[in-house]
Amino acid sequence: MSITPCVLGFAQRLLASAPLLLPCSPAISATELARSRCKLHRLPAAAMEDGAAAREAERWEGYVDWRNRPAVRGRHGSMLAASFVLVVEVLENLAFLANASNLVTYLMNFMHYSPSQSATTVTNFMGTAFLLALLGGFLSDAFFTTYAIYLISAFVEFLGLVVLTIQARTPSLMPPGCAKVAGAACEPVSGPKKAMLFAGLYVTALGIGGIKGSLPSHGAEQFDEHAPRGRKGRSTFFNYFVFCLSVGALIAVTFAVWVEDNKGWQWGFGISTIAILLSIPVFVAGSRLYRNKVPTGSPLTTIAKVVLAAALARRGGAQSASNGAVIDRAPSPTGSTDMKEYCKPGDICGVADGAAEVATEPSQELVFLNRAVQRQPRCGALSCTVREVEDVKIVLMVLPIFFSTIMLNSCLAQLSTFSVEQAATMDTRVGGLKVPPASLPVFPVTFIILLAPVYDHVIIPFARRATGTEMGITHLQRIGTGLVLSIVAMAVAAVVEVKRKNVASNAGMLDAAAPLPITFFWIAFQYLFLGSADLFTLAGLLEFFFSEAPARMRSLATSLSWASLALGYYLSSVLVTVVNSATGRGGRRAWLQGGNLNHYHLERFYWVMCVLSTLNYLFFLFWAIRYKYRNAGVIKG
């Protein structure tokens, strides 16, 4: 009798320390329990191993929380975490566009730049801001998390906006005022004042670039890409990211622009400063929910290693052993319900996710890179894996798609430059209200705000049912739709400019400063088409680059969407310069030169843009038809 309480106590302690289920027995003797004691001693260790394995399965591999502890499933990630990013995007884009949308007016009226100088300065500023997104994406992938890069970049943008606010509210830091008279020119800003202006602008641009390079990918990382629900949630996130971007833009081009035009630019810069400052605590509020991708080193090193290994590999050298498993890709994104189309009878097929880890033969695209793994490299440091080769192939294959969107963004650059200047010459009254020309983007952003939910909740579900695919509409189809709309927009812009100049000529107001007797609603047509193009292209590009890129390069790849915008703005400036140089020869007046927009040949410039956009679309079609999606591929053996 004395042994029974001891053994039962031991069993109770064992049951409390490990999730074991013992079979029920109506009568177990103390001797039987004592004999099984040695077995029971071994069970806790096994149970502990099972518990450790279960805890390991609960972790998000490759992700940490804000304190650099392993991220846990069910606690970190999901749409709730991404919703903080969406709110931050409203504030961030408000801070950016509150100035950028009206900056051309500020430079003309207060810094005394000409229309073409103002347009060039604005496009260079915005182009630099978007191009610096590559730096933000690179740092997020290589050395820091997207969480850290956002916080640092938001503070940098805040500092730049403080400089601009101080200059705008201090008369001694502004150029001398002058009354603009027909034919007379005011002296533009120069010296230390100009240095302060550009210091503020480009410190702000540095912060904007870091935010653009980290924020979208930070939100997209909150979803489980290995589950259909997670991939659909990620697609919804990108649609609503553009939606929230437009909400911030709507506030910027209405309330903020009205304040700038009626209360002073010091208040306009102040609104941007407050908005970016408020975004920081909002972003930090979601810290406990975020899962942050662990940096994996410079992706540029991998790209350089594979390219060098392929270039320097010994010709005719010994080839590595192969089991015949080859990575294959498909012309549809992840989730196609008709994968049998790509798996022929007798093939060994598997999902492409992680395919490079399973297959020993690289894919047949860009076969010259296959030498990096098929031939022995001359230097051991250049040894490459199939995964590394496939990662570099993906980067190279998306570059033509990236290049094809630059022309579209050059068209979009007109929304914040010549289109604003056009509207400034027209009647901007709506009833008793006078609308600032810089508020014209209210048309495209309102359309995007209305269309984005319809697209996500109506069009996409219908397309999924109709096509039987997870995506419904592929990324490249979205991008192609945007490119077509940009062609239409440039043709419409040319026709509207002809009408505007005809009104000015017929009314004898070519040199008049008074508004022309034509409503600014005519300009709204080109805004609507370009705004629609932006919705389709930007959301499609962000998701395309993020989903196609290797995990170690996603922030950098997503930044290509913003780099395309940057190069589009730069291309716009280059086109203006080239057109003026080509048309101003022989003593003739250049198309886009002078202080009076009514003497420009802007309609001809728009037709040139239309033709170039058409050629660009043909270039896009050539590569889009041949592109095969990484995530829809299979392993064939």
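Using the three backbone atoms N, Cα and C, a Cβ is placed for every residue, glycine included.
As annotated by TrEMBL, transmembrane segment applies to 77-98, 118-140, 147-166, 195-215, 236-259, 265-285, 394-415, 435-455, 476-496, 516-542, 562-584, 604-625.
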Chain residues in Cβ proximity to the transmembrane segment (516-542) (below 8 Å; excluding those fewer than six residues from its ends, i.e. six or more beyond): 216, 220, 238-239, 241-242, 245, 405, 408, 411-412, 414-415, 419, 422-423, 425-428, 435, 437, 440-441, 443-445, 447-448, 451-452, 455, 475-479, 481-483, 485-486, 488-490, 492-493, 496, 499-500, 503-504, 507, 509, 558, 560-561, 564
Whether the transmembrane segment (265-285) meets the transmembrane segment (147-166): three or more C-beta pairs under 8 angstroms: yes
Spatial neighbours of the transmembrane segment (195-215) far in sequence, C-beta under 8 Å, 6+ residues away: 85, 88-89, 92, 96, 99, 111, 125, 128-140, 146, 149-150, 152-161, 163-164, 167, 173, 189, 276, 555-556, 558-559, 562
Surrounding residues of the transmembrane segment (604-625) on its own chain - C-beta under 8 Å, 6+ positions past either end: 400-401, 403-408, 410-411, 414, 418, 476, 479-480, 483-484, 486-487, 490-491, 493-494, 497, 575-576, 579, 591-592
Distal contacts, the transmembrane segment (118-140) - CB-CB under 8 A, six or more residues away: 96, 100, 103-105, 107-108, 146, 149, 153, 201-202, 204-206, 208-214, 217-218, 293, 295, 298-300, 413, 416-418, 421, 555-560, 562-563, 565-570, 572-573, 576
